[in-house]
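Visitor: The following feature annotations were taken from Swiss-Prot:
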type	residues	note
ACT_SITE	Cys86	active site, nucleophile
ACT_SITE	His194	active site
ACT_SITE	Glu196	active site
DOMAIN	3-224	domain 'Glutamine amidotransferase type-1'
Amino acid sequence: MVRIGVVTFPGTLDDQDAARAVRLAGAEPVSLWYASTDLAGVDAVILPGGFSYGDYLRAGALAAASPVMSSIRRAADGGLPVLGICNGFQVLCESHLLPGTLMRNEKRRFHCSVQQLQVASVDTVWTCDFRPSERIHIAAKHGEGNYVADAATVAALEANNRVVFRYTANPNGSVHDIAGITNEAGNVVGLMPHPEHSVEELTGAGTDGLGFFRSLMTFLSAQL
């Protein structure tokens, strides 16, 4: 069975939600502790949402320096699929696995709603089951989701098809309506909205989030 690691930092909130989404996709979630460098031989890693280390210094900055991230950086450079959700996206940027940074929302308010996203790239491990330009609905909740990068970085992301999702109604001021991006290899994806909160009709946010986890399963099955 496919085994997907779900990291828990001090202040992580959504690790259990991510684990449930993994189970619904047919894989086994494996808990990974922030203070350990052992990735337990998992096939992929999820950095879930929350407020790691209370967002002190900068959101994701202290988590980026934790022992588990040293192992994840090496593994990601070797091709391990990694998904960073909300605070996990912030950690990926602070770890320099993804470029840019996430700043306070443009209106300086915490934002919580179901967001419509447009799929901008299906050429990643985590989006290969979506259709190009497909519009999906994913829950979002963040106070520091305003994606910012210098002009050269944004131009490179656009030119190399590394913008993965865009907001259709930008809730936070992110440059170019960017909701998520990927690395050059397409194995590391970060986004602010929460696909793990959009996997069951019961929650009211639909099931479009399952596409992330099913995409991973499709990718891994093709590697066998």
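Backbone N, Cα and C define each Cβ position, glycine as well.
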Visitor: With an 8 Å cut-off on Cβ-Cβ distance and a minimum sequence separation of at least 6, pull the same-chain contacts of Glu196 (active site), or say none.
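Guide: Result: Asp14, Asp17, Ala18, Arg20, Ala21, Ile46, Pro48, Ile85, Gly209.
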Visitor: Where does Glu196 (active site) sit in DSSP terms: helix, strand, or coil?
Guide: helix
Visitor: Which has the fewest other Cβ atoms within 10 Å: Cys86, His194, the active-site residues listed?
Guide: His194
